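Taken verbatim from TrEMBL:
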type: DOMAIN; residues: A:20-491; note: domain 'Cytochrome oxidase subunit I profile'
type: TRANSMEM; residues: A:28-50; note: transmembrane segment
type: TRANSMEM; residues: A:70-94; note: transmembrane segment
type: TRANSMEM; residues: A:106-126; note: transmembrane segment
type: TRANSMEM; residues: A:146-168; note: transmembrane segment
type: TRANSMEM; residues: A:180-209; note: transmembrane segment
type: TRANSMEM; residues: A:229-251; note: transmembrane segment
type: TRANSMEM; residues: A:263-281; note: transmembrane segment
type: TRANSMEM; residues: A:296-319; note: transmembrane segment
type: TRANSMEM; residues: A:346-365; note: transmembrane segment
type: TRANSMEM; residues: A:385-405; note: transmembrane segment
type: TRANSMEM; residues: A:465-491; note: transmembrane segment
type: TRANSMEM; residues: A:523-543; note: transmembrane segment
Amino acid sequence: MEQVQNIMKKPKSLISLGVNTQDARISLTYFTTSFATLLIGGILGLIQGLERAGLYQLPQGFNYYQVLSAHGLLLLVVFTATFTIGYQLANLSYAFGGLLPGVRKMVWTGIFLKLAGVILTVTMIALNEASVLYTFYPPLAAHPLFYVGLVILVLGIWSVCLAVFINYRHWRKEHPGQTTPILSFFAMGVFILWFFASLGVTIEVFMIIPWVLGITETINVMVTRTLFWWFGHTLVNIWYIVAISAWYIIVPKIIGGRHFNEKLIRLVVILLVILNIPGGFHHQIVDPGISLTIKFLHVFMSLSIAVPSLMTAFAMFYVMEKAGRKKGGQGLFGWFRKLPWGDVRFLAPMIAMIAFIPGGAGGIVNTSNQMNQVIHNTMWVVGHFHLTVGVSVVLTFFGICYWLIPHLSKRQLTQRMNKIGIIQTWIWTAGMAIMAGSMHIAGLIGDPRRTSDTTYGGSDIALSWLSYEYIFAIGAALLFAGVIIQVFAVFHMMFFAPKGHTEYPVALPEEDQPAVPMWTERWGLWSILLIAVVAMAYVIPIVDMIVNAPPGSPPFRTW
Amino acid sequence: MKQAGYGLTLYIILILPPVSELLESMMVFHMHTQMPLFVFSGFLIAPFLQRKFPNFFNKWNRTGIPGLLLVVLIWTYWQLPRAMDDALLLTMVELFKFISLPFLVGVPLHDSWKKVNAKVQYSFLIYIFLSLIITGFLYIWLDEQICNNYLVIEQQTLGWSSLAMGFCLLLYLSMKLFGKENTM
C-alpha cells in the first residue's frame, strides 16, 4: 500500500517520462478489445463449466463444441494477443520516447485487420459453421470464411510485427553503438517469435482453404497438425516472454529493488526465441506417424525451455530476497514477509510466478512420453493450461493493468482500486486453484477432455468424475466473478478514476553492473539460428509425413 | 581452461556408444548433428592446445591457410556417402571419424579463423554453402540408395536438411555482406 501512496507523490522529473499520448491511445484501444473479449470469453467459460457438470443446458441451437471453440479462440488468441500488443507497444513507446508516425499507421492498420479477422471467425462460430475447437485442425472442416478470418487476423499481427521491426531498426540507426533499452529488447523477442510462429499456421491455413473449397479433395492431416503446433506451442512461450518482461523489469521496481544482471536477462530472451518452436512436438507425442526416435529427441527440444525458465526462477528469487533484506527482513525467510503483499501490482505477478512452479512441473509431465500417454486426452491437460495461461500469464497481465492503464489514461491508481485488485487476485487464485486442481485430479482418474457428455451410460468410473465436474463449476463461477471485477477495474481505471499521474515502474540495474554486450542485439543472427533449429527439428518428421503419407482425408463436419 | 573442459566433456559424451549409436541411427543426425558437434568439441578444445603447443601451430599454420585447407579436405571427405557407410561398418574408420573431425577440423578451424582475412573467411563459408546446396540437391534428386546403411527416404531427408542449412548460411552471408557489420 505504501507503494501505491508513493506513486501519487512522484517528483515532477519523473512525471515527464512515459508513453507518448498518441501511442497511449493505441494501447488503450488494444486493452478495450482485450477486456471486452475477456468478458465474452469468461461468460462462455462459465457456461461450459456449468454444462459440463450437468447443471445447465445450452439453449436450442447451441452446442458444447461451439461454446468451447469460441471460448478457446477468444481467450487464447484474441485476449492474449491484444493484451500483449497493447502492453508491448506501450513498452516500446516508453523505451524509445514514442513510436514513429509511419509505425503508428501500421499499428492502426493492424488493429483494424485483427478486428475484421476476429469478427469473421467468431461470426462463423456463432452461426455454428465452425465448431472446430481452438486447434481447428483437419479432418474437422469449418466454413471457408472462418479460415479467411484467420488469414486476416494473421495479417494484422504481421502488420504490427513489421511496424515494431522498423521502429527498432530506426532506433538502432539513430543510436549507433548503444544497446536498446531492455523493455524494447523484450518486445523484439516477442514479435520475432510471433512472426516465425505464425508462418507455420499460415501454411496450414493455405493448405486448408482449397480443401474446404473443394479444390483439393483430401488433406494430409499429420502435416496440418504439425504446422498447427509449430504455432500453438510457440504462442505459449510468447505469453511467457511477455510475462517475464514484467517479472524481470517491473516487479523489482515495485518491491523497491533493482533488476537482475541485464546480460542474463537478454540471454534468457535469446534462448527462448531460438529454442522455442520445436517444443510443439510434445503436443503430438501420442500421434501416430512420428517415429519413437524423433519423439525421444524432441523431448530434449521441449525440455531445453526449462533452462531459461530456471534461470528466471533463480534470478527472481535473488532480486526479491535482496529487496526484502534491504527492507529489514531477517533470517531465512524474513525477507519474504517484507515484500509488498498489499500492493496488487506485486501480488498478482507474484502469485503468477508461484503458479509457474506447479505449472512447469506439470509441463514436464506432459513432455515425457510415458507420462503423457496417461494424461494426454484427459482433463489434466485442461487443468495444466488453465494453471499456466490462466494464472502464470493472465495474473501477470492483470497485475500490469493496475499501473499501465491509469498511466496511459493519465489517471491514478487509488487505494480503493488497489483493494479491489487484491480481492480480484485472491478470487481468481481461489477459482483457478479449485478448477485447475480438480481438473488435474479428474484427468488422472481418466475424465476425458473436449467431450460434452462423459457419463458413458452411467458407468461407475464415469460417475466418479462427476463430483470433480461439480468442483469445476464452482471454480468457473468464482472465475467469472473474477472476470467481472477485472473488467470493471480496467474500464474504471480507463475512464472514471481520478485524474493524475501513475508511475511506469521500470527498475534500474544494480550498481556497478558491467556494460550490456552489443552482441545480444544481433537479431538477424538469432533469427537465422531459430530457422536452423526449426529446420533441424522439422525436416525429418515432415519429409516422412509427406513421402510416406497415408491416404489424405476429406473434410468432415461432425456437428 | 574452462572452455576446453566443456569441449572435452562434449567429446566424451559424443563417443559414448549409446550416444554415437543414437546419432548414427539416422542419416541426417549422423551428418548434421554428430559430425558438426565433433567439430564444435574440437573448436572448444583448440585454445588449450594452442596455449600448450604454440610453436607447433606457428610452425605449421602461421598464415592460417594450411589449417583451412586441412579443414576443407577432411570435411569434404566426410561429405561422401561412402565415408559414412565405412564409418558404420569399419571400426578403424569410425575411430578416424572420432579423431579427424575434432582434431583435424575443429582445432585447425579455430586456429586459422583469426589468422586469415575476411575474403578467405567468406570463401570458406561459400564453400560450405555450395557443398550443402550440391549435396542437398543430389540427395533429393537421386532415386537410388547411395548409402548401404540408410534408406532412400533418409537421404532425401538429409537433402532437405542440407538445403535448409544452406539457406540459413545464405541468410547469414547476405547479412554479413549487405548488413552494417562487415567483419566476421
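Placement of Cβ uses the backbone N, Cα and C atoms for every residue, glycine included.
Remember, it's a predicted structure, so these values are computed and weren't measured experimentally.
When Cβ-Cβ distances under 8 Å to the transmembrane segment (A:180-209) are tallied for each of A:106-126, A:146-168, A:296-319, A:465-491, the top count falls to A:146-168. Within its own chain, the transmembrane segment (A:70-94) is flanked in space by residues 17-20, 23-24, 26-31, 33-35, 37-38, 40-41, 44-45, 48, 107, 110, 114, 118, 121-122, 125-126, 133-135, 153, 157, 160, 164, 167, 183-184, 186-187, 190-191, 235, 238-239, 242, 245, 389, 393, 397, 400, 404, 408, 504, 506, which lie at least six positions past its ends and keep a Cβ under 8 Å from the stretch. Per-residue confidence over the domain 'Cytochrome oxidase subunit I profile' (A:20-491) averages out at a pLDDT of 93. Ranked by Cβ pairs under 8 Å to the transmembrane segment (A:346-365), the stretches A:106-126, A:229-251, A:385-405, A:465-491, A:523-543 are led by A:385-405. For the transmembrane segment (A:229-251), same-chain residues at least 6 beyond its ends with a Cβ under 8 Å from one of its own Cβ atoms are 76-77, 80, 84, 87-88, 91, 135, 182-183, 186-187, 189-190, 193-194, 196-201, 204, 259-260, 265, 268-269, 272-273, 276-277, 279-284, 305, 309, 312, 315-316, 319, 345-346, 349-350, 352-353, 385, 388-389, 392-393, 396-397, 399-400, 403, 505-507, 534, 538. Sequence-distant residue pairs (6 or more apart) of the transmembrane segment (A:465-491) and the transmembrane segment (A:28-50) include at least 3 whose Cβ atoms are under 8 Å, placing the two stretches in contact. Long-range neighbours of the transmembrane segment (A:28-50) within the same chain, counting only residues 6 or more positions beyond its ends whose Cβ lies under 8 Å from a Cβ of the stretch, are 56, 58, 64, 67-68, 70-71, 74-75, 78-79, 82-83, 85-86, 89, 111, 114-115, 118, 401, 405, 408-409, 435, 472-473, 475-477, 479-480, 483-484, 486-487, 490-491, 494.
Proximity of the transmembrane segment (A:523-543) to the transmembrane segment (A:263-281) is established through 3 or more Cβ-Cβ distances under 8 Å for residue pairs spaced 6 or more apart. Through the fold, the transmembrane segment (A:385-405) approaches residues 7, 27-28, 31, 76, 80, 83, 87, 90, 236, 239-240, 242-243, 246-247, 250, 254, 344-349, 351-353, 355-356, 358-360, 362-363, 413, 417-418, 421, 424-425, 428-429, 432, 435-436, 439-440, 479, 486, 489-490, 493-494, 502-505 of its own chain, all at least 6 residues removed from its boundaries and within a Cβ separation under 8 Å.
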